[in-house]
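Listed features, source Swiss-Prot:
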type	residues	note
TRANSIT	1-33	transit peptide
REGION	1-55	region 'Disordered'
COMPBIAS	1-37	compositional bias 'Polar residues'
BINDING	Lys172, Asn178	S-adenosyl-L-methionine 3 binding site
BINDING	Lys172	S-adenosyl-L-methionine 4 binding site
MOD_RES	Lys194	N6-(pyridoxal phosphate)lysine
Amino acid sequence: MASFSLPHSATYFPSHSETSLKPHSAASFTVRCTSASPAVPPQTPQKPRRSPDENIRDEARRRPHQLQNLSARYVPFNAPPSSTESYSLDEIVYRSQSGALLDVQHDFAALKRYDGEFWRNLFDSRVGKTNWPYGSGVWSKKEWVLPEIDDDDIVSAFEGNSNLFWAERFGKQYLQMNDLWVKHCGISHTGSFKDLGMSVLVSQVNRLRKMNKPVIGVGCASTGDTSAALSAYCASAGIPSIVFLPADKISMAQLVQPIANGAFVLSIDTDFDGCMHLIREVTAELPIYLANSLNSLRLEGQKTAAIEILQQFNWQVPDWVIVPGGNLGNIYAFYKGFHMCKELGLVDRIPRLVCAQAANANPLYLHYKSGFKEDFNPLKANTTFASAIQIGDPVSIDRAVYALKKSNGIVEEATEEELMDATALADSTGMFICPHTGVALTALMKLRKSGVIGANDRTVVVSTAHGLKFTQSKIDYHSKNIKEMACRLANPPVKVKAKFGSVMDVLKEYLKSNDK
């Protein structure tokens with residue numbers, strides 16, 4: 001078609017090729033000249049609405065499964081090729097015979113019957129829909145998560161599909177970066193990325209209970225976000241939830257969530273590592289299913305955030321992805337999601353990963369600085385504003401090391417002052433982030449300053465929770481109420497008398513200071 005300038009009365013209509021879900025193809029357009037009257041969009045056939053007495057689960061039962069003969073099993077994590085040890089996902093098992101972590105292994109031979117274009121088109125076709133269960137960002141990748149679970153057993157709040165936004169001002173003004181993005185996993189059902197994994201875990205528990213497996217309730221140790229997700233998804237399914245929390249070490253916003261959702265909450269006089277030790281002992285004795293990231297099912301949901309990032313970039317691979325790390329399951333989950341996409345032909349490479357830790361809880365950072373040559377040494381985590389990653393003995397240390405080695409990854413740390421300043425700086429550009437994202441941004445700033453991350457590198461910072469869960473830390477910072485911290489970016493309210501002249505004086509001074 002010859003190109004030419006269009007009059008104002010011309011209307012663009014996507015051609016058939018644009019709407020056929022073919023990735024990497026440039027959009028082509030048909031141009032129709034119209035009269036001055038308002039353009040009438042082309043009529044598309046509407047999907048018939050289901051009958052009033054039918055819900056979306058009923059509708060899903062009538063829909064045949066698109067793909068057959070896909071499966072997944074538990075296997076020992078990073079086992080040698082000669083290993084034959086494996087377990088059905090319907091077994092209640094958390095570790096291998098040797099005590100090693102487990103991993104969910106998918107049947108790649110079956111998945112490879114379909115090429116990368118097929119998977120890209122399938123996943124893209126489900127975005128923005130309300131078909132059960134594909135309206136979820138997790139379950140829109142069901143074939144790569146729990147391929148054998150019945151749709152009726154799935155417990156979902158249509159989590160995932162979280163915002164990936166361009167951090168334009170922060171990137172340009174403070175880092176001289178043009179391509180900085182934030183994947184805001186905190187925009188989710190309970191306000192953190194933990195929803196992704198908990199939907200998968202509670203769905204499998206729902207299936208196990210229907211199979212009369214010995215599961216009365218689900219339990220977890222938590223620094224806040226895990227308990228919020230567990231209690232919400234269990235409440236949705238009518239399954240009892242039991243939560244072990246370290247006393248006086250999480251925010252009130254985090255504490256109120258499991259309480260409101262009806263969880264049985266134990267506030268225990270210890271830290272997270274102590275709670276984790278106790279819940280593992282308890283679940284070994286009682287019919288309580290363990291929901292911590294020792295359980296590899298959670299990571300199957302969390303890996304979908306990595307797939308979403310690729311999808312949101314039209315299947316182009318970013319150069320860097322920076323993930324806050326505490327118990328360290330999430331850094332491995334991101335690696336696994338990227339690796340599956342490469343292995344199955346959706347992309348041709350994976351990004352480099354950065355795990356960001358608080359300096360007050362930095363066992364992985366210290367292990368990394370040793371070149372991973374020395375034996376890993378857990379430590380006693382000190383108090384950090386990034387409370388969800390205040391963990392000194394991470395369960396997934398082996399998974400994290402594996403992911404970092406495979407992705408040519410880096411580990412960086414942030415002091416309390418650095419993470420709070422980074423949080424305040426990001427907030428001043430229109431974000432409202434959690435302290436853990438402040439840790440990740442600090443890592444980015446250090447790597448940018450050292451030249452490891454370039455000005456033109458497409459970089460994604462993973463924001464793991466919503467800032468509204470951590471308002472007290474923001475209040476303390478802007479009130480300059482944090483001991484031994486300058487709070488140099490504090491923005492406290494200005495007290496002024498209720499007089500026009502007083503208000504005008506203050507405003508003139510403010511405007512003068514900003515007129516630079």
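Just so it is clear, glycine is given a Cβ too, placed from its N, Cα and C backbone atoms.
All features noted in Swiss-Prot, drawn onto the structure.
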residue	record	Cβ neighbours (10 Å)
Lys172	S-adenosyl-L-methionine 3 binding site	13
Asn178	S-adenosyl-L-methionine 3 binding site	13
Lys194	N6-(pyridoxal phosphate)lysine	34
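Cα of the residue listed as 'N6-(pyridoxal phosphate)lysine' to Cα of Lys172 (S-adenosyl-L-methionine 3 binding site): a span of 31 Å. In the three-state DSSP reading, Asn178 (S-adenosyl-L-methionine 3 binding site) counts as coil.
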